[in-house]
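**Student:** The structure's right below; bear with me while I get my questions together.
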């Protein structure tokens, strides 16, 4: 039991503290930077994913036509919406004839990835920029994404997603630094070689590099993965910014996290060759430390908790760690019941929700409940 305890403790510490520190040290030593080329101005097709987005789709279109990028085609990838989404889009198109905007309705309601696949098929741009209906771009966001495609070995570029709550810019974790740390890790990975994961709100690829993925998969995981396996690069540009309303309720945030983990077991146990550092170099190193260990965190928490129970009589150290674990989960429960944003309560709650989402994601995949479609969180609109 001591071996299980210490292996789990080391894995959790390294995933949360050791790896970020390792990246910071590497950044100081290697001192690499990514170049930008603002003279590169290819035609861009903007693909906006939409399913029953009548609350935000007009605002999104208004947002995109204010972009400072001129050579732009806008495609609404409509996943068979049954509200007023299409009606609103068609009215907007009629009222803005100077812009190249079209609605592409998927043949069936098979989810976001399928709608994107069908939209890309009719896109005429050299670069495809993807976004969600509720993600609002800064005026120069598209220009910033495109500027990073400075060579053919760059296959994917994602931007920075900032969460907005109650009219104020904040991270989804409110007061704590989790999201800022995540973005900093991506920035360093990107400068050194390639990122291990992107985000689904603001990203781009060349049309010639676009692949059709499993419909339950998401681009933010699959695109950087396949770029790495093809010995290409997936980059993060912190200056390409999108703003999105964070979930106003714990329930909405949990649903979002479960959705992100809907292929967690596949991501851990398939295609092990991705971890071959001799073949894939930095990508294998980043993927194992940033993604594989993260996917295993809930598993290690279960192991360390169970091992700790058996080790209580082995000395005061194990008694203290048991008390510490129980206290942490009590604080999380108090945070949930009180709905407090106090750091001492909200950080344990947020972290516990991430771990529960991994467990729920694994359960959904085993039980066949993982699906390509989902209901949006209304509080994010």
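Placed from the backbone N, Cα and C atoms, the Cβ positions cover glycine too.
So TrEMBL has the following annotated:
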- 6-26: transmembrane segment (TRANSMEM)
- 45-177: domain 'Glycosyltransferase 2-like' (DOMAIN)
- 293-310: transmembrane segment (TRANSMEM)
- 316-337: transmembrane segment (TRANSMEM)
**Student:** Using DSSP, what's the helix, strand and coil tally for the domain 'Glycosyltransferase 2-like' (45-177)?
**Tutor:** 38 helix, 44 strand, 51 coil
**Student:** Along the domain 'Glycosyltransferase 2-like' (45-177), what average pLDDT does this model show?
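**Tutor:** Value for the domain 'Glycosyltransferase 2-like' (45-177), mean pLDDT as a whole number: 92.
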